[in-house]
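Remarks on the structure that follows.
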Amino acid sequence: MIYQSPTIQVEQLEDNIARLCFNAAGSVNKFDRETLTSLDAALDAIKQQPNLKGLMLVSGKDAFIVGADITEFLGLFAQDDAVLLNWLEEANKVFNKLEDLPFPTISAIKGFALGGGCETILATDLRVADTTARIGLPETKLGIIPGFGGTVRLPRVIGADNALEWITTGKDQRPEAALKVGAIDAVVAPEALETAAIQMLNDAIAEKIDWQSRRNHKLSPLTLPKLEAMMSFATAKGMVFQVAGKHYPAPMAAVDVIEQAAGAKRDEALQIEHQAFLKLAKTEVAQALIGIFLNDQLVKGKAKKASKQAKPVNSAAVLGAGIMGGGIAYQSASKGTPIVMKDIAQPALELGLGEASKLLTAQIKRGRSTPEKMAAVLNNITATLDYSAVKQADIVVEAVVEHPKVKATVLAEVEEHVSEDAIIASNTSTISINLLAKSLKKPERFCGMHFFNPVHKMPLVEVIRGENSSEETIASVVAYAAKMGKTPIVVNDCPGFFVNRVLFPYFAGFSGLLADGADFAAIDKVMEKQFGWPMGPAYLLDVVGLDTGHHAQAVMAEGFPDRMGKTGKDAIDVMFEAQRFGQKNAKGFYQYSVDRRGKPKKDIDPVSYELLGNTFGELKEFTKDEIIARTMIPMIIETVRCLEEGIIATPAEADMGLVYGLGFPPFRGGVFRYIDTMGVANFVALADKYAHLGGLYQVTDKMRELAANNGSYYQA
Ligand SMILES: NC(=O)c1ccc[n+]([C@@H]2O[C@H](COP(=O)([O-])OP(=O)(O)OC[C@H]3O[C@@H](n4cnc5c(N)ncnc54)[C@H](O)[C@@H]3O)[C@@H](O)[C@H]2O)c1
């Protein structure tokens, strides 16, 4: 044994080859500080070993190295520039040490080699992957750029154009794609990985492969003719701006760094990378995106824990084959849980199955599925008008029309037909879970399972705990949602549950602005372009449907009369009364048509201005800040109330619910990250300026207390 630590072991093989194995104690290898220090020491030990002729890097896990330890990032990035720069320089010395060894080196890659893992393999002279490998630099997705030499080595290995694409998109690559651009030198079967790597290393040792000139190429400036360089970078910048947009600066910074460092040798190029990294690491966007990554891990961890307590769900049933029922059936079937879809009307069943076929056909067209897979998914859906097929279901999801009496009847009926221990869940969006539970003999087996439309696209599922829901019921529904590929978040029962409870105050803020003469299209523009929502509130209401919105608003007003009770007619009422229901009947705030290529089109409609003008008078101008404050403050305060009342368990889950359920701009990280970034005291001061607008603008006592104590919702 040449070297041993809890994360790395180095042994000497025949032919004077050293085998360095990353093998941390946990389930994966990642680059935390301990592993970096260990790698440094291992390389020193290797350098001191006489007679070595080559080094092979391998992993003792299913994956090579999944990346840097992101849990260390927020704490690290909060430190002074000098500390952060020192960390970068020390880490890069280790990678340079690996690159500068006096003999050829090779990486044998299986599974993920991402971020720091990818930067490790780039520091060796040769790379062999097996068919399970996934290679890439995802850092820009976290609002930063690669910091361990990725922006320097990758363009020198695979060319500027390819590297720009890899780094700015952050996507991981399959081995065939990596081989095609020269990121790796061979792809082999998993069982042949180490043998193939040793063979290639021996070829290099025997000078059959010119590893020295490959290495020199990595240490030198990028060789690009001037005109070509200008074209590459200009094209990349145009593309990046279009895709990432102004709110996501990291991809553009990556292009700049590669361009600036193109004429430099390795060490100078690395300095350019360090400086850009330092700047990005301090941005609010990086904090928000890293926060989202960590929150996502937390939510996934909770789902994983729940699956240990869950009852296995081998077959499911959905009642109602409408928009939601059809979507739920498709999602369950395509993720491998057979499902019975029951309705009371044959045409509804045909519609539900038709929707599933449409989605599957689209996937085949995009090359993401095959006719065989499509047949298998459709075979997993049994459409029926009869309850008897529901008998063997482990879980039944009720998704019939949104009517308390109909749902009560259907729930009581289904309980008569299912097995003793089957779980029953409702996809209601507005009816109290505690109220619906009253129709069941065994309310402990019941909870809410609130999907979002369209089911196959929207990642969130709210799992709603009623006062009688058992923990096993909740755990089983959470596990089933996760098995369907969704992100489940558990909330307690209240009007609107979590997502709609915080959405409607935002709509109320929007309606208030319109009542004071604001232009809805101007509001949408600010909320989309400035704040970053995928749709502004008027457009969102059109998509949700103003009939649905009108109904849900009434439920919220009844649930929280002090804050959400209405005093007069608002913009939603005006649209509803004029039967402008939104996209569904082509008229809402906007008007909708289909363009020549068959794509849906949205236009300004003078009629809606006339209707609103008749009720609220002349249009007035509002500043961007006023628009953002008046719409966002009610949503933010209501989110805080949900946390204080225990409707949602943690700021992390609330923020993920907002990002996944409503498309809250990821670069802002969610409501709690947004307040923390602004400073709780600053937020309270801002809300106080608008307190005269009513109960939705009144901050809670606890918020005031937190502001006074200089506190925050997240701990760094
Ligand atoms: N559409 C959305 O955006 C959305 C989002 C989240 C939740 N939801 C909720 O999902 C549920 C269904 O909504 P939808 O939009 O799919 O409605 P929908 O009108 O498209 O479908 C309802 C289906 O239920 C069927 N049905 C009626 N009575 C039945 C019975 N006794 N047994 C079996 N089937 C019966 C109808 O034939 C119809 O096919 C509602 O509770 C709704 O609030 C809807």
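Using N, Cα and C of the backbone, Cβ positions are placed for all residues, glycine too.
Quick look at what TrEMBL lists:
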type     : residues                                                       : note
ACT_SITE : His450                                                         : active site, for 3-hydroxyacyl-CoA dehydrogenase activity
BINDING  : Asp296, Asn500, Tyr660                                         : substrate binding site
BINDING  : Met324, Asp343, Val400, Val401, Glu402, Lys407, Ser429, Asn453 : NAD(+) binding site
DOMAIN   : 316-494                                                        : domain '3-hydroxyacyl-CoA dehydrogenase NAD binding'
DOMAIN   : 496-592                                                        : domain '3-hydroxyacyl-CoA dehydrogenase C-terminal'
REGION   : 1-189                                                          : region 'Enoyl-CoA hydratase/isomerase'
REGION   : 311-716                                                        : region '3-hydroxyacyl-CoA dehydrogenase'
SITE     : Glu119                                                         : site 'Important for catalytic activity'
SITE     : Glu139                                                         : site 'Important for catalytic activity'
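With Met324, Asp343, Val400, Val401, Glu402, Lys407, Ser429, Asn453 listed as the residues that bind NAD(+), the site has a largest C-alpha separation of 19 Å. Spatial neighbours are here defined as Cα atoms within 10 angstroms of one another, and by that definition Val401 (NAD(+) binding site) has no neighbours among the recorded positions Asp296, His450, Asn500, Tyr660.
Proximity of Val400 (NAD(+) binding site) to non-local residues of its own chain (separation of 6 or more, Cβ distance below 8 Å) is seen for Leu319, Gly320, Gly322, Gly325, Val406, Lys407, Val410, given in sequence order.
Recorded residues Met324 (NAD(+) binding site) and Asn500 (substrate binding site) have their alpha carbons 17 Å apart, per Cα-Cα distance.
Secondary structure of the domain '3-hydroxyacyl-CoA dehydrogenase C-terminal' (496-592) per DSSP (helix as H, G, I; strand as E, B; remaining residues coil): 65 helix, 5 strand, 27 coil. Its Cβ placed at the centre, Asn453 (NAD(+) binding site) has 15 other Cβ atoms within 10 Å. Within 10 Å of the C-beta of Asn500 (substrate binding site) there are 22 other C-beta atoms, taking all protein chains into account. Ranking the recorded positions Lys407, His450 by C-beta neighbours within 10 Å puts His450 at the top. Among the binding-site residues Val400, Val401, Asn500, residues whose Cβ is positioned under 6 Å from ligand 1 are identified as Val400, Val401.
Neighbour counts of Cβ atoms within 10 Å were compared across the binding-site residues Met324, Val401; the minimum falls on Val401. Considering only the recorded positions Glu139, Glu402, Tyr660, the Cβ with the fewest other Cβ atoms within 10 Å is that of Glu402. Ranked by Cα separation from Asp296 (substrate binding site), the recorded positions Glu119, Ser429, His450, Asn453 are led by His450.
The secondary structure of Met324 (NAD(+) binding site), as reduced to three states from DSSP, is helical.
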